[in-house]
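K.L.:
Got a structure for you, questions after.
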Amino acid sequence: MLLVILLTLTHICHSTTVNSGSHHFLRLPLRHINPHQSPTEAIFADSARLSTLLSALHRKPNLPVTSGAYAGAGQYFVTLHLGSPPQPLLLIADTGSDLIWVTCSACRSNCSATRPPHTAFLARHSTTYCPHHCFDPACRLVPHPRPEVRCNRTRLHSSCRYEYSYADGSITNGFFAKETTSFNSSSGRLLQHGGLAFGCGFKISGPSVSGPGFHGAQGVMGLGRGPISFVTQIGRRFGNKFSYCLQDYTIIPPPTSYLLIGTGAGNSRMRYTPLQTSPLSSPFYYIGIQNVYVDNVRLRVSPSVWSLDKSGNGGTIVDSGTTLTFLPDAAYRHVLAAFRRRVKLATADGSPPNFDLCYNVSGVERPRVPRLSFELVGNSRFTPPVGNYFIDTAEDVKCFALQPVTSPDGFSVIGNLMQQGFLFEFDIGRSRLGFSRTGCSRS
Ligand SMILES: *[C@@H]1O[C@H](CO)[C@@H](O)[C@H](O)[C@H]1NC(C)=O
Ligand SMILES: *[C@@H]1O[C@H](CO)[C@@H](O)[C@H](O)[C@H]1NC(C)=O
Ligand SMILES: *[C@@H]1O[C@H](CO)[C@@H](O)[C@H](O)[C@H]1NC(C)=O
Ligand SMILES: *[C@@H]1O[C@H](CO)[C@@H](O)[C@H](O)[C@H]1NC(C)=O
């Protein structure tokens, strides 16, 4: 029955006219979803996310590995305007996956009775909505529901179906389609881009992608490295680059963070490290850590601990959808021991579970905390501010917020908290990641 309703949604697609012109970048505000998330909630959500990323990475080889897929800890919202006329939709900005998908509705009239405005993309209210045909090469870029429906290339209404499953059993299932998307350009003009491939999700269930765990978002904007990601599709017009600066969201009122597609944010103080490629064609942005320092003292961690091996295990990814930072267990133990030796503060009573090191800073004006820094491939040093890894968990209690990677085939993650206050430039064209402590205010 559902299928019958959905199939009637397909129609002959009109070609879309799209304005062009030269634009250097698009600037989309990023909003932090959950400023009051407790550190324990963050750990819980992060573990769900990591198991999802890992299962997506080791997806069976006969399925296209096109997405790490979202789950759990998404923190930053971005608004995408989809359709003609444009419908605003709130999506989670995710560098750990590459599909763009939104909650769709086939509702034709009186839609607000069943769907509060802007809680779903109303495909029938757009003149430019167009499902890909199942025979279209683009359809091979997404995983299909099982059992797979045989594609009949001569039939007009054989739409491309997609299905993503998450590690916790959540799914998003629907049509892989094309739509026109609109932006306000940096010069204030309305800019349209036709034929953006996205998943129009009609069957969405599970804690990762619905309900409070999804924080009211209507989908995910995949910013990963695959052919169907938002940055790959849109970025072609903007020099294959995007950047963002995540501002400290504990500041009241929180400063706005921006996602910039295209050039425009770079600066001369930018340091670069090459993006590494995984043998599994994963959407993740891998970087190489060579050494870790605590107060400028290099820790004796074997370089192999950090490496991304030939089977795609290990390595380090930069992920906007994970809150905390995860290091390989062997490295984590060394860092923890170095901190334990150097911090001269009273330990806190009844520390929150899952944090190994918490201090009572009651009455301490400016607690002295060692500086952590990472030496990256390409001879660049990433030295985050202390607040990126030493966080308030209760009044007068500060905890060391790094976490160990427990899975043997797991990878390290530079989470969004560790990225705060830096301008990050994902230069896909030149396969490198730039970062700079200056430039956030201008981005
Ligand atoms: C839509 O709403 C109007 C006014 O509330 C009502 O008259 C009409 O029957 C509704 N149409 C449908 C299809 O429910
Ligand atoms: C494909 O669709 C056409 C037209 O509906 C039909 O005639 C044909 O038998 C179908 N082929 C298969 C293999 O189902
Ligand atoms: C462009 O900006 C105007 C005014 O701020 C706003 O109303 C409109 O929704 C924006 N459109 C898009 C596509 O972002
Ligand atoms: C922190 O220290 C103060 C003063 O010594 C004490 O009153 C408080 O209970 C301690 N809190 C924790 C969580 O250890």
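Backbone N, Cα and C atoms are what each Cβ position is placed from, and that goes for glycine too.
Pulled these from TrEMBL:
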type	residues	note
ACT_SITE	D94	active site
ACT_SITE	D319	active site
DOMAIN	76-436	domain 'Peptidase A1'
SIGNAL	1-15	signal peptide
K.L.:
Quick one: give me the count of other CB atoms within 10 A of the CB of D94 (active site).
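P.N.:
A count of 31.
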K.L.:
Write down the Cα-Cα distance for D94 (active site) and D319 (active site), rounded and given in Å.
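P.N.:
About 7 Å separates the two Cα atoms.
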K.L.:
Note the mean pLDDT of the domain 'Peptidase A1' (76-436), expressed as a whole number.
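P.N.:
Over the domain 'Peptidase A1' (76-436), the predicted model scores a mean pLDDT of 90.
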